[in-house]
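Taken from TrEMBL as is:
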BINDING   F33, I34, I35, V36, H37, R104, T314  substrate binding site
BINDING   H300  heme binding site
Amino acid sequence: MNYWDYIKVEELLSLQSGSDEDETRVGNDEALFIIVHQIYELWFKLILRELTSARDLLRQDTVPGHQITAGVRSLRRAIAVFEQANQHFRVMETMTTRDFLDFRERLAPASGFQSAQLREIEILLGLEDEERIAIGHACSFKDALKLPNGAASAATHRVEARIAHGPSFKQCLYEWLSRLPIDGSNEPAAAERFLHDYLRSMRDESRYRLQTAIDRGLAAEEVERLRARYQTQDANAEAYLLAEDDPGADAATREQRRAVRAAMVFIESYRELPHLTWPREMLESVVELEQAMLIWRQRHARMVERMIGRRVGTGGSAGVDYLDQTALRYRVFSDLWTVRSLLLRKASLPAVGQHAHDAFAMEGLQ
């Protein structure tokens, strides 16, 4: 076996021939454009492999504790890929606007939105159809992947296969979290008891902070304003943690949301418990992954704006405006971000029983 045979060097180097299938007619700037996008597709392929591995691990009925490390490792690799992918935008920016415009029209109606693998990553993570932002001319994101005559494309088949392949990473993560024991038990009543204890501690913390402000001589008018803020904050926290923030949700949905949110708060609050070390690393890695993807989206938007301003995209989208909206609004794991606003300092946490230290064998966390 030779290096060039194993890596398929000659095949790789023959893939930059452009729309005319003639590399002699491809200038250096267009070659740069093609190569960077091909590299992105290879990175996306690796991210999909790692996310699938992490999803399949959490998909098990029981997740052995020693396997969680493998899931965390997969997420960390995906994070590193997104961080590395950000650097490619700098290479793209060595091309001037005029240089890009010289061949941009040959790309129409192609669009970066047609990257099936990026859509697969979104689907695998757990982005719902109703959460998607319209790109302008298409009825749905699937329509944008079709051929000009309306027939299904290779991208369409790839995305449909991903949808059919199984549940999202988010679904599996939430199912796993809903089974984790809270203070020694994975019964719904235990999660609810913990949440009420936690909310009581939150209210105590608010009173403590308000009294601290009073003791420091805060003006009476400001005290009342601060009191109102704390009351609103505590009321919102109660509605959220007890899953009363969505009146349309049925009883089973609310019960699962309470269990998931209780697990998130419990893991973050008592991360010093030995058996919570890797579950906490899993949650932290999920947040870091979503952050890395959001930064990648934002960096993409700024690169495009620098290159072509805010003109209409080659595929008919709103261009930079669309990219900006995805960076702002595509949050798959919003619960993990919301929980950050509700965490308490260690001294204010409700006490947990000794059985909380051993109960994780029920989920295989041993």
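Numbers run from 1 along the shown chain.
Backbone N, Cα and C define each Cβ position, glycine as well.
Curation does not apply to TrEMBL; its annotations are automatic.
Positions of the features from TrEMBL, shown on the structure.
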| residue | record | contacts (Cβ under 8 Å, 6+ apart) |
| --- | --- | --- |
| F33 | substrate binding site | M92, M95, F100, F103 |
| I34 | substrate binding site | L15, Q16, G18, V26 |
| I35 | substrate binding site | Q16 |
| V36 | substrate binding site | H88, V91, M92 |
| H37 | substrate binding site | G112 |
| H300 | heme binding site | F89, L323, A327 |
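Take the CB of R104 (substrate binding site) and look out to 10 A: across all protein chains shown you find 16 other CB atoms.
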